[in-house]
Ligand code: NAD
């Protein structure tokens, strides 16, 4: 079985970006800038934000951290987003989700300038994805597509089953797999909590994408021999971080698979860097 090493691939991408950013800096007199807004003290979010900041620094992107008290008023948060929209040093804006209760995250996401929406959550960018138009693509599914490309695993003409229909992973991933191109062009089925015969659907897949949030949900008997398995899940258990797939059992069945940790997670961050450089290029075009 080929291990789809997201961590290593992400490091390679970061190195490639560092070279690109160096030359952009000499050309334009400044480095790309990413503003990261973290509201409150959610421990998982703090870890994600720290990792994003480190990745930015190592690739040469300047990160502007805005760590705000969880009791912030909606208006104050909106004012900050508007200020960052108008700030020329800021090419990308990332609002770390989830927000504390009482804050309207959808309203905040819709306030972010679509040209700075490096997370690809603004309805304008989601709509562009739907239509196959250029725009910012949400980082986790786009990172997965980049990983498949780097390992030369084309999905064109293959049957892909995505388990999970969230707005940040399942739905955009299904859309990306349906676009044109060798690494897309798949025949896609989206499964979710109400799917009848889920095991049967998954078993028919050449590519399985698990984005459920239940540890070891995808078991050996559900996966076809030779299938490629991409595990998006990050579940904190007594045994540490585990994915949505039973990795050890699937090793005998899958032809290629992402580990957890070290698979999709680092690719999500790599894609954020790619998107930030894309935003910088568009602002300086
Ligand atoms: P979500 O809770 O928004 O969505 C989960 C989806 O799973 C839902 O669409 C639901 O229909 C489906 N589901 C739930 N129970 C099911 C069942 N019994 N059978 C079939 N489908 C079922 O979650 P999300 O935000 O899409 O995240 C999914 C997982 O991916 C989580 O573990 C999350 O931590 C992880 N995640 C990882 C990254 C990363 O960078 N690696 C990024 C985002 C999310």
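Each Cβ is built from the backbone N, Cα and C atoms, and glycine gets one as well.
Just so you know, TrEMBL annotations are computer predictions that nobody has curated.
Pulled from TrEMBL:
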type	residues	note
BINDING	164, 165, 166, 234	NADP(+) binding site
DOMAIN	4-119	domain 'Tetrahydrofolate dehydrogenase/cyclohydrolase catalytic'
DOMAIN	138-283	domain 'Tetrahydrofolate dehydrogenase/cyclohydrolase NAD(P)-binding'
| remark: Residues in the domain 'Tetrahydrofolate dehydrogenase/cyclohydrolase catalytic' (4-119) per DSSP class, helix first, strand next, coil last, are 63 helix, 18 strand, 35 coil
| DSSP three-state assignment (helix, strand or coil) for residue 234 (NADP(+) binding site) | coil
| query | Taking the residues 164, 165, 166, 234 listed for NADP(+), what is the greatest CA to CA distance in Å, to the nearest whole number? | reply | 16
| field | Under 8 Å by Cβ from residue 165 (NADP(+) binding site), counting only residues of that chain that are 6 or more apart | value | 171, 174, 190, 192
